[in-house]
Amino acid sequence: MIDGHTKLAGVMGWPVEHSRSPLMHNHWCRVNGVNGAYVPLPTHPHGFDQALRGLAAAGFQGVNVTIPHKEAAMLACDELTPTAKRAGAVNTICFVAGRIIGDCTDGTGFCDNLSAHDVAIAGRAMVLGAGGAARAVAAALLDRGCEVVIANRTLERAEALVEALGGGEAVAWYEWPSLLSGCSLLVNATSMGMGGKAGLDWDAALREAAPGLCVTDIVYTPRETPLLLAAQARGLRTVDGLGMLVHQARAGFRAWFGVDPQADRTTFDLLAASLRTDA
């Protein structure tokens, strides 16, 4: 029951109806005995800054921001964590003593998901894409000592990302399949595969993959994307994107509600059931 002591948080996006974050955070509030609520906050881009400051004034603990607000959120924040600065985007905001503090938990969530599956974060990683998610993932991998190769359909964007990160290597899109023989990790950080649309002949792209390659996708709708299915058919290890969603959310929940939630089977089962309902 919501009362005068309920701590409030939410997710700002446009659209935001698809977000599983309210389901997950409210589940964590229930199982941890937290007097809190997490709500969807559909926010038009033209009103983002005003809405963000209004939520801070209304007593919210903080918010997540999703498409298309992650970069706009950087400009609206009074302070950015070093991780957010490096990632070039914000997905988690805390309202502290009248200040808006932005963080990016995508990279940490991605790596925590790999670790939860006992995947070693080492060696050479091929990252597909040069957008906000790719930057967060690439930064986290570089900071953990990986060699990172970034492939993007527009080479200039990959080159700009490498320059911004101060590390890694940019390659043309057509080159990346031939480089997989020397990689231990392949990350799809693009929207290809969302909704089950392949967007690419993944089986052909994986022909040069080393037997020990781990293939992971940030897309989680569906959980088994065309890339992951193609990798499984070749006997490669795969990690789906749902765990990244769960692990990146934990830092925000900790900051807003003061409890460290568990990325347990119940949480995953709840989210998986929701995804099946919408399929």
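Numbering starts at 1 and runs along the chain as it is shown here.
Each residue, glycine too, has its Cβ placed from N, Cα and C.
The NADP(+) site recorded in Swiss-Prot comprises GLY129, ALA130, GLY131, GLY132, ALA133, ASN152, ARG153, THR154, LEU155, GLU156, ARG157, GLY241 together with one of ILE121, ILE218, namely ILE218. Cross-referencing THR43, THR66, THR190, THR238 with the shikimate binding residues that Swiss-Prot gives (SER19, ARG20, SER21, ASN91, ASP106, TYR220) picks out THR66. Residues SER19, ARG20, SER21, THR66, ASN91, ASP106, TYR220, recorded as contacting shikimate, have a largest CA-CA distance of 17 Å. The Cβ of GLY129 (NADP(+) binding site) has 24 other Cβ atoms within 10 Å, all protein chains considered. Taking the mean position of the Cβ atoms of SER19, ARG20, SER21, THR66, ASN91, ASP106, TYR220 as the shikimate site, the remaining residues of that chain whose Cβ falls within 8 Å of it are VAL11, ASN64, LEU245, GLN248, ALA249. In this structure the C-alpha atoms belonging to ASN91 (shikimate binding site) and LYS70 (active site, proton acceptor) are separated by 6 Å.
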